[in-house]
Every structure is written in C-alpha cells, then in structure tokens.
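Heads up, the thing below is written out as structure tokens.
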Amino acid sequence: MSTHHNPAVQNDDAMWQYEDHPHDVIGTRTLGFWLYMMSDLMIFAALFATCGIYADGMHSAGSFQPGQVIDPNLALWSSGLIFASVLAYGYAMVALKKASRSGVLLGLGIAFLLGLAFLGMEWHEFSGLAHMGAIPQKSGFLSDFWVIVLTHGVHVMFGLLWMLTMLVQVAREGFTENVVYRLLNLKIFWLFQAVIWVCVFTLVYLMGSTSIATL
C-alpha cells in the first residue's frame, strides 16, 4: 500500500470544514436587520415610482400645482439637519470604538436633537400646507406628496424613539453585547433615512418644484 500523502485530501480538508463553529451573534443579528431594510427599500421604491407619475402636474385635479406647494429652500434646511444628525451619530460610533461611554452619549444626544429639529421643520411645512388647503384629499399629486414625505418622517420619528432608548441603555448598562448590536443596527437605520431623504429631496422637492402642468 502506498504511503504517499494525497494532496487532493489535503485540499478537500482545507476547503470544507465539517465541524460546527459558533456564530457571531452581532453579525447574525445585523444581517437580519439588513434583510428588513431591503423590505423597507422596496416600499420607498414603490412610492418614488408613484411620484414619477403624479409629479408631472397632470394629476392636480384642478387644485394646487407642484410648484405651488413644494418649497425646495425649506427642504434644504431640513437636509442640513438630517445630515448633521448622521454626522453626530458617526461621532458616537467612533466613541463606541474607543469604548467611551460619555462620547457615545454625547453623539447620540446631538443626533437626537438634530433629528428632532428635522421633524419640527416637517411639522412647520405640513401645518402650513394644511392651513392653505393643500391636503391629500385635493388631488392624486397631493396624496402622493404627503404619503412620501410623511412616511419618511414616521421612520425618522421611530429612529428618534430608538435613539432615546439607546441613550438610556448606554447610560445604565454600558457596552453589553445587546447594546452594541442595537447601536450598530440603529446606525444602519439612521444612515438609511439620510439616503432616502436625498432621494426625497431630489425627486420630490427639486424635480417636483419645476413641474409645469401641460394643458
């Protein structure tokens, strides 16, 4: 019987590991959250596709035209607030890497306040629209406009509640495994809201404000 070493067996052993290995809990839970975010992305994709239909000024039902209700200058201020909030959260993540509890709390606190200011801007905008009568029941365009912006606003509100919860947990528990993976998932969620807002600002506010009805 030959006693020479079989290189094929060695390669097979290197390519395939048959033993069970412990899985990284944080990585597994983060992957699951990414899958949830993909479902959220499909919702916004459908809303943006609808926006492309209604924003041409042909679906105003004789009511307000896009250029009459959309204020890109106001939305620009909102953009600055949401981007600054994401930047502050990034500072919190740097502090997390350094295991600085005070730094994480500071970053989360600033991100929370800026996000709250963003919602305040949206409240100001839509209360003004309601006061002038530009409500969703008026036309298909207004329905779509309200739904897109307020759907994003609801996501931001949920993110702020999550952020407030994490402020309490970091202060009380420190950097436990559960706290860390929740902070990482919240980072993904918060960055996603900024990316969606870029699409809202571009497709709804910039392009929508220049729409002219074809009579």
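Backbone N, Cα and C define each Cβ position, glycine as well.
Under the heading domain 'Heme-copper oxidase subunit III family profile', TrEMBL lists 1-209.
Within its own chain, the transmembrane segment (33-55) has Cβ neighbours under 8 Å at 66, 140-141, 143-145, 147-148, 151-152, 155, 185, 188-189, 192, 196, 199, 203-204, 207-208, 211, counting only residues six or more beyond its boundaries. Summarising the annotation, TrEMBL assigns transmembrane segment to 33-55 (among others).
Positions annotated as transmembrane segment by TrEMBL: 75-96 (among others). The list of residues near the transmembrane segment (75-96) in space but at least 6 beyond its ends in sequence, with Cβ under 8 angstroms from a Cβ of it, reads 102-108, 110-112, 114-115, 117-118, 121-122, 125, 156, 175, 180, 183, 186-187, 190-191, 193-194, 197-198, 200-201, 205.
Taking Cβ pairs closer than 8 Å, the transmembrane segment (103-121) reaches residues 74, 77-78, 81-82, 84-86, 88-96, 153, 156-157, 159-160, 163-164, 166-167, 170-171, 183, 190 in its own chain, all 6 or more past its ends. According to TrEMBL, the feature transmembrane segment maps to 103-121 (among others).
Beyond the ends of the transmembrane segment (145-168), by six or more residues, the same chain brings 40, 43-44, 47-48, 51, 54, 66, 69-70, 82, 105, 108-109, 111-112, 115-116, 118-119, 122, 126, 135-136, 179, 182-183, 186, 189-190, 193, 196-197, 200, 204, 208 to within a C-beta distance below 8 angstroms of the stretch. Annotation comment: TrEMBL describes 145-168 (among others) as transmembrane segment.
Residues or ranges marked as transmembrane segment in TrEMBL: 188-208 (among others).
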